[in-house]
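According to Swiss-Prot, the transmembrane segment annotation covers 11-31, 50-69, 81-101, 114-134, 154-174, 186-206, 237-257, 265-285, 304-324, on the basis of sequence analysis.
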Amino acid sequence: MSWITPDLIEILLSILKAVVILLVVVTCGAFMSFGERRLLGLFQNRYGPNRVGWGGSLQLVADMIKMFFKEDWIPKFSDRVIFTLAPMIAFTSLLLSFAIVPVSPNWVVADLNIGILFFLMMAGLAVYAVLFAGWSSNNKYSLLGAMRASAQTVSYEVFLGLSLMGVVAQAGSFNMTDIVNNQAHLWNVIPQFFGFVTFAIAGVAVCHRHPFDQPEAEQELADGYHIEYSGMKFGLFFVGEYIGIVTVSALMVTLFFGGWHGPFLPPFVWFALKTAFFMMMFILIRASLPRPRYDQVMSFGWKVCLPLTLINLLVTAAVILWQAQ
């Protein structure tokens, strides 16, 4: 058939890759909630969810059915349009953040030359969703949680971006595939160890995960900026948070641990194993660390993370200039 051209086939294959990768990310984010509950139960010497399916394997399905049939309630004096848009923006921005991550040499949704900048833009867009949710709910606890979340996210995004500049300087590109190819013989975590440490800390803070979950502190804010959400609107926030964890874990692998590079096994298997390891670390951090005060979180960011990030960037620049001579 004459209308089937090589360009059309390439477009269809690109769409297929995008759909497959994004569906896998959503599925991983959803199943991570079950894995987290089981592991936290193990660490806290209790069973965790184990009633639905073999070993609790169908607990996620039960939770989805329950959430689907929950009342989609909107507060009486809220801004209905913004209240509805907020979870959509949060979910979409976090899902699109994964689009620039190369899973294997030929599997990436969007191989952009400004890949890292695109991730930072999507992370910044998620802040608006939190602000919209807190302000439109017409609830003081929601607003306080949104203010905390926006201040924390904007602050730690500074360190998040600066911690990546050393990697960009070494690779000479913002393209994620170029950065992975630059690690064929030496992973970036060795020359950029302090950059990795600050990126990991900032990544946990941007995802609002324990111990940086002050915007959702149950003891203080009764669940923070999404206290008024129920049904599938809350589900979008809930799954979006875990998609953020998957994305940050995948970025740690891509930027600092060689991406898909590894011996014997296929590239996507290495990428999946490394990403699963860092997803597990998010759960271990939640199980083992206490929650500090909000002022301690902000003070730690500006007084510890920022100087460490700047020193790492200056040392990296000096080494690159010395090697160029």
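Note: Cβ is positioned from N, Cα and C throughout, glycine not excepted.
Source: prediction; values computed, not measured.
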Of 50-69, 81-101, 237-257, 304-324, whichever stretch has the most CB pairs under 8 A to the transmembrane segment (186-206): 237-257
Among the ranges 81-101, 114-134, 265-285, 304-324, the one whose Cβ pairs under 8 Å to the transmembrane segment (154-174) are most numerous: 304-324
CB contact flag for the transmembrane segment (81-101) and the transmembrane segment (237-257), at least three pairs under 8 A: yes
Intrachain neighbours beyond the transmembrane segment (265-285), with Cβ under 8 angstroms and 6 or more residues off its ends: 28, 32, 35-36, 39-40, 103-105, 107, 204, 207, 209-211, 245-246, 248-250, 252-253, 257-259
